[in-house]
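Report on the following structure.
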Amino acid sequence: MAATATACPAPPPPRSLYRGVALAAPGRRRAGYGASSSAARRWPGCRRRWAAHRIRTVSCAYSPRGAKTITACSWNEYVICSDIPVLIEFWASWCGPCRMVHRIVDEIAQEYAGRIKCYKLDTDDYPQVATSYSIERIPTVLLFKDGEKTHSITGTLPKAVYVRAIEKSISDSEQ
């Protein structure tokens with residue numbers, strides 16, 4: 001009398017594994033673990049375990065904990081009525097140089113947390129705000145202090161240019 005072993009299928013990997021990860025291209029198989037292999041027929045959970053091992057993480061180009069996105073409705077609350085200097089990046093989703101400025105603004109938001117507020121505004125979604133501040137080219141970064149525009153920087157420039165303007169704005173507000 002032969003004992004038959006029934007293997008319980010392995011539970012699927014938790015959904016948290018799939019956040020920010022990329023799976024390998026379909027159609028590629030590893031010997032012994034394909035759908036038609038005898039191992040897959042005998043132990044159905046085997047394939048799932050193998051797929052979980054194939055998951056690779058994707059490194060993020062920049063940290064998502066940077067500048068927050070604002071809207072035209074929240075403009076007065078976050079920019080005009082702010083008691084500390086505010087940096088606003090005007091950008092558009094189709095603009096390549098804007099992505100480079102995103103990284104700089106995100107770094108500045110983390111480095112100057114508490115001393116300056118950093119926000120992003122999509123000019124395609126809110127053109128009325130862009131036209132009211134004469135934004136004709138993007139990326140454009142504006143610095144506000146006490147509700148008034150103090151600096152305007154247009155184009156993709158080194159981080160030192162933005163930091164210099166911020167330091168000047170912060171030193172003016174402390175005096």
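Every residue, even glycine, has its Cβ placed from backbone N, Cα and C.
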C81, C98 - which one Swiss-Prot pairs with C95 by disulfide | C98
Please report the number of other Cβ atoms within 10 Å of the Cβ of G96 (site 'Contributes to redox potential value').
-> 8
Helix, strand, coil: count each for the residues of the domain 'Thioredoxin' (61-171), based on DSSP.
-> 41 helix, 27 strand, 43 coil
Tell me which residues of the chain lie with their Cβ under 8 angstroms from that of C95 (active site, nucleophile), as long as they are six or more apart in sequence?
-> I138, P139
